[in-house]
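A short worksheet on the structure shown next.
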Amino acid sequence: MSTALDLALLRVSEPEVRQLLQACQEVKKRAYSVYSNFRVGAALITERDRHIITGCNVENASYGLTVCAERAAICQAVSRGYREFSCIAVTSDVQGVYCTPCGACRQFIAEFSPEGYVLLVQPGLSEDEYLKGKGAQIVAVSSLLPSGFTPADLHLPKHKEQDVTETIQL
Ligand code: THU
């Protein structure tokens, strides 16, 4: 049993969620996934101006340099001057299963949207089905990354005896 998508939770209107559903699937077609053959598409909507900004995964012959779709979209948003977004939609080609953001992407999403939500989207269903909650699911960023490291952690008081010779051992 699926329940209808809670658009208020995502802080998007119905036309906006339709755009997000389309955009994440459309950008997935541009994935550069020549090594894994695993395409991922992500689309976010900016809090201000309501722009849809997308990203796909971009792999590299030096595998570890691969950039995931979510991080590609977020870097694009930040580069365009947007640091706040209402929700990010993520999709892959895997049928019947949600592609959840990897650990690095969870950390990246939480940097900008710790209170936000991710919209997970399976491929191949109709927009109306997604809106009814079939093949689409909302997950809280806080549940994807519980007890995550946050920008605030950088400013916590430090142990006084910390000194350079303790941390650098030649
Ligand atoms: N990938 C993403 O783009 N997002 C994720 O959250 C999971 C993994 C990509 C990275 C790589 O190009 C491919 O999927 C297989 O790991």
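These residue numbers are counts, starting from 1, taken along the chain as shown.
Heads up, the Cβ atoms here are built off N, Cα and C, so glycines get one too.
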For this session: Name the one residue among Cys68, Cys75, Cys87 that TrEMBL lists for the same Zn(2+) site as Cys102, Cys105.
Result: Cys68
For this session: Find, among the recorded positions listed as Glu59, Glu70, the one whose Cβ has the highest number of other Cβ atoms within 10 Å in the structure shown.
Result: Glu70
Problem set entry | Any further residue of that chain within 8 Å (Cβ to the Cβ centroid of Asn57, Val58, Glu59, Asn60, Ala61, Ser62, Tyr63) of the recorded substrate site | Tyr32, Tyr35, Gly64, Leu65, Thr66, Val67
Problem set entry | Spatial neighbours of Cys105 (Zn(2+) binding site) among the recorded positions Val58, Glu59, Ser62, Tyr63, Glu70 [C-alpha, 10 Å] | Glu70
Exercise. Among the binding-site residues listed here, Asn57, Asn60, Ser62, which has the most company in the form of other Cβ atoms within 10 Å of its Cβ?
Worked result: Asn57
For this session: Quick one: of the binding-site residues Val58, Ala61, Ser62, flag those whose CB is under 6 Å from ligand 1, and say none if nothing qualifies.
Result: none
